[in-house]
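Enquirer: Here it is, the structure, as structure tokens.
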């Protein structure tokens with residue numbers, strides 16, 4: 001069993017911990033948190049050993065009556081791999097701690113690429129990450145685009161890609177974010193950081209990205225254009241994408257018009273927290289005009305990097321190849337057959353509806 | 001004086017009536033309305049003769065104590081030109097009435113192109129509309145893109161254009177519209193109707209458009225990509241666009257991040273109803289990568305077609321060429337120097353702050 005410490009137990013960390021626990025070859029060594037809030041309470045109820053991020057913070061946990069297993073340096077020492085899910089920029093500050101303990105580390109996409117040896121996407125750069133001391137799972141948007149571009153590049157070649165990312169203003173819990181009733185170019189400058197970030201995974205990809213921000217919290221929505229190197233028709237592209245386990249090509253008969261219905265579908269299907277781990281691509285949007293491919297996809301910013309973090313653990317531990325790891329990950333969390341597969345037998349497939357606390361503490 | 005009847009006095013009609021009244025060569029013969037609501041009250045206070053759209057509706061106006069000048073057929077008979085600003089689809093039903101009275105008619109972009117002889121944009125198709133019996137002012141989005149593409153096509157040639165239109169869900173008063181907290185591909189199919197609509201103005205333009213809808217009411221926002229036929233640099237494109245009177249290239253020092261600040265700027269400048277008649281293009285977004293031009297622009301859906309309707313009146317009346325008409329229109333409403341020009345002397349330039357009721361009744 002790979003003992004995995006999760007440093008940072010917020011939006012991403014709590015999801016990654018649950019996904020790690022669901023794996024047959026991994027256990028959660030513990031989770032580290034800055035403050036004893038509602039998420040810390042759930043961590044304890046799920047049986048995760050709870051660590052404070054530093055010694056100065058332990059009093060707050062004691063005052064709240066939360067039992068601590070120790071501080072984060074102890075967690076790192078006891079872990080085979082650490083997943084750093086702290087806020088953007090904090091991961092880089094933690095890198096030295098992981099090096100001191102010689103513990104391989106997984107960082108998140110909010111960090112600069114140079115925080116780690118490899119920018120990681122399971123579909124596109126798994127092999128490059130095997131045995132690395134540090135990898136950075138690229139951001140939710142870059143993950144969503146990497147998953148999409150990898151099979152398209154293999155099948156047709158990409159002459160040029162252009163993406164407008166219509167980003168949610170903040171997550172549902174980020175009540176200090178905006179905008180309200182406005183549509184902001186964000187950043188105004190072109191390209192947005194997403195294009196250069198994609199180049200950390202695909203160095204030769206010619207891609208221009210434009211970012212916007214809107215008053216929505218549920219998902220990002222991408223309008224994607226890819227000028228293909230070779231001719232294609234929409235139906236063959238549809239089949240190509242539909243064969244990818246982390247791309248969910250929405251059939252029109254589901255009558256899903258946006259992120260609200262997608263999340264409701266995932267909740268009804270028994271997905272933990274209503275998570276959409278897959279890119280959600282509108283099947284009817286897949287269009288080819290000449291060599292120009294167009295489509296819309298929605299990206300659940302809280303969830304799509306979760307299976308990628310699990311695969312990154314196996315990559316740095318070097319215990320499985322890509323095919324083995326992605327299959328293990330998806331079987332364990334119930335990401336087979338896309339959200340629709342889960343719908344058929346939600347209780348058996350969803351780890352979150354089972355009792356916690358058995359396999360890793 | 002060209003006597004202009006305005007049939008339909010809602011979001012567009014009321015603005016067009018005010019802009020017509022401000023022209024030195026036009027008068028508002030009257031405005032027609034379906035019901036005696038707040039807009040009808042303001043029409044009377046501004047001194048516009050008020051007509052009911054049909055005889056069955058007159059009782060409601062009488063009950064509300066609103067003095068009617070008659071019904072719409074009388075207005076059409078007394079007008080040299082009629083601007084039909086009724087809801088989408090109703091214009092086509094009115095076309096026969098205008099033909100019966102042999103009154104040239106201006107329709108709006110919500111109608112199908114075949115409602116009129118010419119799809120009209122002052123910058124791109126004025127001359128084709130001169131002396132026509134009917135023209136259709138293309139929609140707010142198509143107007144915004146026509147103004148942008150005309151000078152770019154002339155200066156550099158357009159090999160291909162691709163636009164994502166992030167559309168406001170509804171106008172501020174359309175309280176029955178959505179979405180709330182969601183980003184919808186709308187339509188899911190590609191292209192959206194905007195591409196084919198642009199081809200009614202630019203028959204040879206190769207353009208693909210993707211539409212989305214977001215929880216905002218103030219403006220549409222476009223992410224625009226144009227693959228140019230000839231090389232260009234961003235600064236020369238910026239200068240080209242800045243020289244167009246109906247394109248406002250936002251200088252970064254204004255610190256305008258979205259539609260909210262744009263509207264506030266227009267209000268502070270004394271613009272009637274805070275209208276932004278110009279395309280608002282973020283100067284810092286104008287970027288050229290190879291032959292790919294990118295930019296963001298905001299389009300005030302309630303206002304950008306207003307000067308176009310005024311020019312369309314002169315085109316069908318055939319009393320001025322394009323240069324004469326657009327200059328007259330802009331001088332009369334205060335669209336000189338873009339919103340910033342108005343700011344310098346708002347009272348003198350803004351027709352809405354002057355008393356109404358003098359020059360056309």
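Think of each number as a place in line: the chain as shown, counted from 1.
For all residues, glycine too, the Cβ spot is worked out from N, Cα and C.
Curation does not apply to TrEMBL; its annotations are automatic.
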Enquirer: Using only what TrEMBL says about NAD(+) binding by B:11, B:12, B:168, B:301, identify which of B:70, B:110 is listed for that site too.
Expert: B:110
Enquirer: Would you mind listing, in sequence order, the residues at least six apart from residue B:168 (NAD(+) binding site) in the same chain with a Cβ closer than 8 Å to its Cβ?
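Expert: The list for residue B:168 (NAD(+) binding site) reads B:213, B:214, B:216, B:217, B:218, B:219, B:220, B:259, B:301, given in order along the sequence.
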Enquirer: Residue B:140 (active site, nucleophile) to residue B:194 (D-glyceraldehyde 3-phosphate binding site): how many Å between their Cα atoms?
Expert: 10
Enquirer: Tell me which residues of the chain lie with their Cβ under 8 angstroms from that of residue B:195 (D-glyceraldehyde 3-phosphate binding site), as long as they are six or more apart in sequence?
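Expert: In sequence order, B:163, B:207, B:208, B:209 meet the Cβ cut-off.
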Enquirer: Determine how many residues of the domain 'Glyceraldehyde 3-phosphate dehydrogenase NAD(P) binding' (B:2-140) DSSP places in helix, in strand and in coil.
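Expert: Reading the DSSP string over the domain 'Glyceraldehyde 3-phosphate dehydrogenase NAD(P) binding' (B:2-140) gives 58 helix, 33 strand, 48 coil.
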Enquirer: Checking the spread of the NAD(+) site as listed (B:11, B:12, B:110, B:168, B:301): what is the longest Cα-Cα distance, in whole Å?
Expert: 16
Enquirer: List the residues of the same chain that sit at least 6 positions away from residue B:11 (NAD(+) binding site) in sequence and have their Cβ under 8 Å from its Cβ, in sequence order, or write 'none'.
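Expert: Residue B:11 (NAD(+) binding site) has long-range Cβ partners B:171, B:173, B:302.
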Enquirer: For residue B:168 (NAD(+) binding site), what is the secondary structure state per DSSP, taken as helix, strand or coil?
Expert: strand
Enquirer: Measuring Cα to Cα, how many angstrom lie between residue B:139 (D-glyceraldehyde 3-phosphate binding site) and residue B:110 (NAD(+) binding site)?
Expert: 6
